[in-house]
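Contents: one structure, followed by commentary.
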Amino acid sequence: MSTIVDTRTTASRIAGVCAVLLLAAAIVAPVFVGRGVIQDLFFILTMLTLAQFWNLLAGYGGLVSVGQHAFVGIGAYTLFGAGLLLGLDPVAALLLCGVVAVVIAVPTAFFAFRLQGAYFAIGTWVVAEVVRLSVAQWQALGGGSGTSLPPTARDFAGTAWVARVLDVRDAAARDIVTYWLALALAVATCAGVYALLRSKRGLALAAVRDNVAAAQAVGVDAQRMKWLVFLIAAFGTGIAGGLIYLQKGRISPDAAFSVTDWTAFVIFIVVIGGIGTIEGPIIGVLVFFALQSLLADYGSTYLIVLGALGVVIMLFAPRGLWGLFAARTGIHLFPVRRRLRRTVPRNTQPPGETHG
Amino acid sequence: MSILSLHNVSRSFGALKVTDDVSFDVPTGQALGIIGPNGAGKSTLFNLITGNLSVDRGTITFDGADVTRTSAMHRCLNGMGRSFQIPQPFGSLTVFENLIVAATHGRGLRERDVADDCADILERTELIDRANDPASSLSLLQRKRLELARAMATQPKLLLLDEIAGGLTEGECRALIQTIRQIHASGVTIIWIEHVLHALNAVVERLLVLDFGRVIGIGDPATIMASREVREIYLGIEV
Ligand SMILES: Nc1ncnc2c1ncn2[C@@H]1O[C@H](COP(=O)(O)OP(=O)(O)OP(=O)(O)O)[C@@H](O)[C@H]1O
Ligand SMILES: [Mg+2]
């Protein structure tokens, strides 16, 4: 008798192969496509990263934060601070962005975890505002009006090499390096979140979401799961924030702590794509990018369309576009469900052993 | 040696005293039944023992340690397993995953080390055919079985069962009694709240009667059932 537990499906195997091919294509893309496309891809990848972390928080951890822009801004300012004040190479400083975000996330969690539901959401927003106002006082980094990365801090690791090998100008080389970093971050994020969900901690997250009292009664540390998810999300969001502003090269408190850009849009992406799935944010970010490209010239009309679409999806397809698709087809590209198969049923002795 | 001791435990909801100065010991390895009319405070007593509710007064000792202020999670890790009277499945997980989460977290083991045990438990509780279905798709009876199965998966020293025999057919009830006897025979201490008295009497060695939150009798089942106080409470209820 043996027990086999399997999570993979045919669809997930095909998806795995496609993902590897896609990744290979994405790595060599800078050789073939222009700077504009690279910048668009950078935007898509960083938004995907932010969306995947918000999805982890809200979709899996039940922590509906509307203050994640705090960690984008903290990451951005850490990067600039490390570059301008400490003279660190910005690429090396990216890790520091995540660490500082976690350091700020700890007291935030102590405060916000005391709040329930809508109060938790509002609490995280309040924290983000407080951090933004504090950073605006930081005169060394330009106070309320912000600052730029000086030319010296812009020649970060790899730029010179890329400029030489691909024969492009320095500005384009910087975009290519940040694009590769964004690619690595997005892939690591999707893979990391998927690995977490497939582990026993992923099961615990689902159990806590379904029924806290029952989860605790079987030994799940619900509080620890909340902390784990909140700190992981802060870490990743901080790194993404640092990377986004490394590429922009210019920072201000209003932009780096923008609730619209780094929280509202991110929530939109997750909601239209499908909350609580890994596929959802991927679909969502593509739809979001398409809408933005189509409607960017219409100013506020664009925001109204986004809002209206978000509401329609929430009403008629609460599990998002991917949820709709998965329910119809049964296809999961990132399956987490464990399937039990037993090769020999219990109490059935193999032939030949019965009269031993 | 007692695995569980309650000393003067009380709990009120507002003005309603639901657990009133309850004290008793459960020797290791015993099967104790708890009976009492609806609303007597039986489930509340379970919630106090497992830590889902906190006591107002009194102390609870489990396996040699004072657990009065210990969280439900830690009491599980220390060896308490329970079923809920109103089933509380993890609806988005499959039946098998419900057991996996209990076994991995309750016992602190890795998934691959518990998969066999979980599959065995599903067979013993006759849920193996539903192993890969979402728990939300189970019928009420199957959900009750899942409560038992999930508690078993944490491999408890003390198993607390809250009304799991109601609504079963004759054959199903016999199978359930068989399963609980097996668990008991393997050395697990059992406390079982049950209105189906013939099922309870087939398993327990000792009976506790609760009424209005107070212990009005504890001891040998036959003697308890014969006492006047219990007969009065149970007048009109099948014995
Ligand atoms: N959380 C609560 N808040 C207020 N009152 C409660 C709460 N839980 C239980 N009660 C009340 O406490 C009393 C005892 O409830 P409990 O569920 O412990 O009874 P029980 O003996 O398990 O009954 P049953 O046989 O119907 O399951 C009831 O009157 C119930 O209404
Ligand atoms: Mg009850």
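Even glycines carry a Cβ here, placed using N, Cα and C.
Tertiary proximity for the transmembrane segment (A:14-34) is limited to same-chain residues at least six positions away from its ends with a CB under 8 Å from its CB atoms, namely 41, 162, 166, 176, 179-180, 183, 187, 333-334. For A:14-34 (among others), the entry in TrEMBL reads transmembrane segment.
Remote same-chain residues near the transmembrane segment (A:41-60) are listed as 26, 29, 68, 72, 175, 178-179, 182-183, 185-186, 189-190, 193, 196-197, 202, 205-206, 209, 229-230, 232-233, 236-237, 240, 243-244, 247, 262-263, 265-267, 269-270, 273, 275-278, 280-282, 284-286, 288-289 (criterion: CB distance under 8 Å, separation of at least six residues from the stretch ends). Annotation source TrEMBL lists transmembrane segment at A:41-60 (among others).
Annotation source TrEMBL lists transmembrane segment at A:66-86 (among others). Within the same chain, residues 50, 53-54, 57, 93-94, 96-98, 100-101, 104-105, 108, 121-128, 131-132, 135, 138, 140-141, 147, 149-150, 153, 233-234, 237-246, 251, 253, 256-259, 261-263, 266-267 sit at least 6 positions outside the transmembrane segment (A:66-86) and bring their C-beta atoms closer than 8 Å to a C-beta of that stretch.
Packing against the transmembrane segment (A:93-113) from elsewhere in the chain are residues 65, 67, 70-71, 74-76, 78-79, 82-83, 86, 120, 123-124, 127, 131, 181, 223, 226-227, 230-231, 234-239, 241-243, 246: each is 6 or more residues past its ends and has a CB under 8 Å from a CB in it. Among the features that TrEMBL reports, transmembrane segment is placed at A:93-113 (among others).
Residues or ranges marked as transmembrane segment by TrEMBL: A:176-197 (among others).
According to TrEMBL, the feature transmembrane segment maps to A:227-246 (among others). Counting same-chain residues at least six beyond the ends of the transmembrane segment (A:227-246), those with a Cβ under 8 angstroms from any Cβ of the stretch are 46, 49-50, 52-54, 56-57, 60-61, 63, 65, 68, 71-76, 78-80, 90-91, 93-102, 104-106, 108-109, 113, 149, 156, 178, 181-182, 185, 189, 196, 201, 205, 256, 262.
Annotation source TrEMBL lists transmembrane segment at A:266-291 (among others).
Panel annotation: around the transmembrane segment (A:303-325), residues 265, 268, 270-277, 279-280, 283-284, 287-288, 291, 295, 331 of the same chain, lying at least six beyond its termini, place a Cβ under 8 Å from a Cβ of the stretch. Annotation source TrEMBL lists transmembrane segment at A:303-325 (among others).
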